[in-house]
Amino acid sequence: QLTPSSFLRIGQLSNVDLNEDIHELDTEVPRQHPNEIPHNEKLLSLKYESLDYDNSENQLFLEEERRINHAAFRTVEIKRWVICAMIGILTGLVACFIDIVVENLAGLKYRVVKDNIDKFTAKGGLSFSLLLWATLNASVVMVGSLIVAFIEPVAAGSGIPQIKCYLNGVKIPHVVRLKTLVIKVCGVILSVVGGLAVGKEGPMIHSGSVIAAGISQGRSTSLKRDFKIFEYFRRDTEKRDFVSAGAAAGVSAAFGAPVGGVLFSLEEGASFWNQFLTWRIFFASMISTFTLNSVLSVYHGNAWDLSSPGLINFGRFDSEKMGYTIQEIPIFIFMGVVGGILGALFNALNYWLTMFRIRYIHRPCLQVVEAMLVAAVTATVGFVMIYCSRDCQPIQGSSVAYPLQLFCADGEYNSMATAFFNTPEKSVVNLFHDPPGSYNPMTLGMFTLMYFFLACWTYGLTVSAGVFIPSLLIGAAWGRLFGISLSYLTRGSIWADPGKYALMGAAAQLGGIVRMTLSLTVIMMEATGNVTYGFPIMLVLMTAKIVGDYFVEGLYDMHIQLQSVPFLHWEAPVTSHSLTAREVMSTPVTCLRRIERVGTVVDILSDTSSNHNGFPVVESNPDTTQVAGLRGLILRSQLIVLLKHKVFVERANLSLVQRRLKLKDFRDAYPRFPPIQSIHVSQDERECMIDLSEFMNPSPYTVPQEASLPRVFKLFRALGLRHLVVVDNRNEVVGMVTRKDLARYRLGKEGLEELSLAQT
């Protein structure tokens, strides 16, 4: 029975196959040179581990809980609040540092270039000015790119995809190290001063997360210092909760939006959530905004006037002259559609570019060269646009920081120069607030076109940089253009104020690129300090997300997928109820007996082919009539600590008389447990026996092998598990479900697809 639809499907399948063959032919040719890395987005990498969000309730844990009285638990709670306050203060201070340094360095650079241009405009030879500008940019970016490429590659980009993965429960190497923070901060300063099309807002989120992870552990592994405080929090559960607070504090320092920060951390980040956590995160965000505000106010010389809550202030939008009417709602929706389409285009271009980078530009020196090239091109494009623009505006009454006269009459300045000859943050504010008539439509159109491609080319370079501000800037430019053309069509009607449309365009463009809804609405509302625009901004963002999702996914999700991270979304794929745990699970499982030979444990841990991290513990009864049922689960890290402290006896029937291990011994080894190769076990010790019963988790989560994939997925995702044991009806272990087994299944264009696993 062949229905027409199945014919179609056969046709599609054969199409797909043909295309894949052609692709294979294409990629076979350059393989002779080792400079190409074959990369396919339909892979999942095996180099990422999961975090242990689930506490191991072994006997040591229960003993410690009995020992700790009520007052001690209260001090733990107080410590949590103290840590959140410290996260807020430090994140605010880091943001201040970035802001002040960028302001001074960028000001210095612009003054030098401006003097040079003024000098050469008079006597000819402007190409020297261009050379100076391009060289300054390229050299600054070179330093910023060198430190990232050669010292800490994780600090590249905005860091939001990495933090998103961390909060999802994936351990990304080096992501919350002190070294990463230092490189991140320096890299951001250098890339913004180097005039790239980037913002300093995205990296603040990463910086906040690193600060949170560092403070909550009370020690630094990079500095080899242990401050002996907050030792109770040395495990993945606590650390991950604090990192979500740090991410929120970062958002709130960047945009002056504490509520937006909490919602960001809720929407993009934490896999699970409770009321106390929300309240603590909100506290950290508030403290962070307040710190930034007070320090910057003192720096700007008006100590009592708290006027700069975030790194970017959109300035106040007055409700009187900038309300909106009912007939503008369809216009806003239309802007949302445009934003969604442009955002999808941006993401698609960036996707191809990133694939190209992964394949060909994977050597650090090439990455630095590319970053310098982009910096020089950005300066050149800016210079040529300013040079060719004949758009002159009177200087009186305008608040331009570095007015370039160039070929304008005396008392006038070149208005293209305000867009390119400024840090992106200032340009956004200018586009929002300059009075009508400050910009020529031609200027705005050219600027939007150029900046769109520059920003797209810049995101994914090996420099620390955010994509928030460039997308706001692109959106504000075309939104203002839209507003100008509207007032032209309606013959200067009062409601067509270009600033309002610049704001909506900025929201539409940013929503179309990163596809955040709830948190972005609140961030925009808090940054403009105006609730009136809540509804139009929400409409615009919803439309942009719906339209954009029809074409391609959001920028951050795309980069997570390109790095082959086993990321678990909120729900299992829709059509996956027919799959059962038996088909999903990994087999065979390496089990340990409850009382096991040390040699066996060492061999299992040293076996590189099966690099497991969790081992089910089964009953170790020699007689065969009894079922070897599941008794518990023990982790690789726990076994390593046991071997390191040599907790074993010669014969099975001897009781253990050596010193008992405490939970503190496991916490001190966290987070970098020594590799098994570094632990020396002699030949005699290999014959000893090791009793796992007081260290294993006696009640691991299990599922029957008939459970459907969505059920397994829900359990796994909601509890933040790392291992889920699959048992049959006699409670014997038949398989193990880990993160990769669940992340493999994804909804593609033709239905459910299964990704293959790669070692890289």
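Going from the start of the chain as shown, residues are counted 1 onward.
From the backbone N, Cα and C atoms, a Cβ is placed for every residue, glycine too.
All TrEMBL annotations are machine predictions without curation.
Database features, via TrEMBL:
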type	residues	note
DOMAIN	696-754	domain 'CBS'
TRANSMEM	81-102	transmembrane segment
TRANSMEM	130-151	transmembrane segment
TRANSMEM	181-199	transmembrane segment
TRANSMEM	242-265	transmembrane segment
TRANSMEM	277-299	transmembrane segment
TRANSMEM	329-353	transmembrane segment
TRANSMEM	442-461	transmembrane segment
TRANSMEM	467-489	transmembrane segment
TRANSMEM	501-525	transmembrane segment
TRANSMEM	531-552	transmembrane segment
Of the listed stretches (242-265, 329-353, 442-461, 501-525, 531-552), which one yields the highest count of Cβ-Cβ distances below 8 Å with the transmembrane segment (81-102)?
242-265
What residues elsewhere in the chain lie close to the transmembrane segment (181-199), defined as a C-beta under 8 angstroms and at least 6 residues from its ends?
94, 97-98, 101-102, 105-106, 109, 133, 137-138, 140-141, 143-145, 147-148, 151-152, 155-156, 159, 206-207, 210-211, 214, 312, 374-375, 378-379, 382, 423-425, 451, 454-455, 458-459, 461, 463-470, 472-473
DSSP residue counts for the domain 'CBS' (696-754), split into helix, strand and coil:
16 helix, 22 strand, 21 coil
Long-range neighbours of the transmembrane segment (277-299), counting only residues six or more past its ends (CB under 8 A):
80-81, 84-85, 87-89, 91-93, 95-96, 99-100, 208, 212, 241, 244-246, 248-253, 256-259, 261-262, 265-266, 270, 305-311
Beyond the flanks of the transmembrane segment (442-461) by at least 6 residues, Cβ under 8 Å:
145, 156-157, 196-198, 342, 346, 349-350, 353-354, 357, 367, 370-371, 374, 377-378, 381, 385, 389, 391, 415-416, 419-420, 467, 470-471, 473-474, 477-478, 480-481, 484, 555, 559
Integer mean pLDDT for the domain 'CBS' (696-754):
88
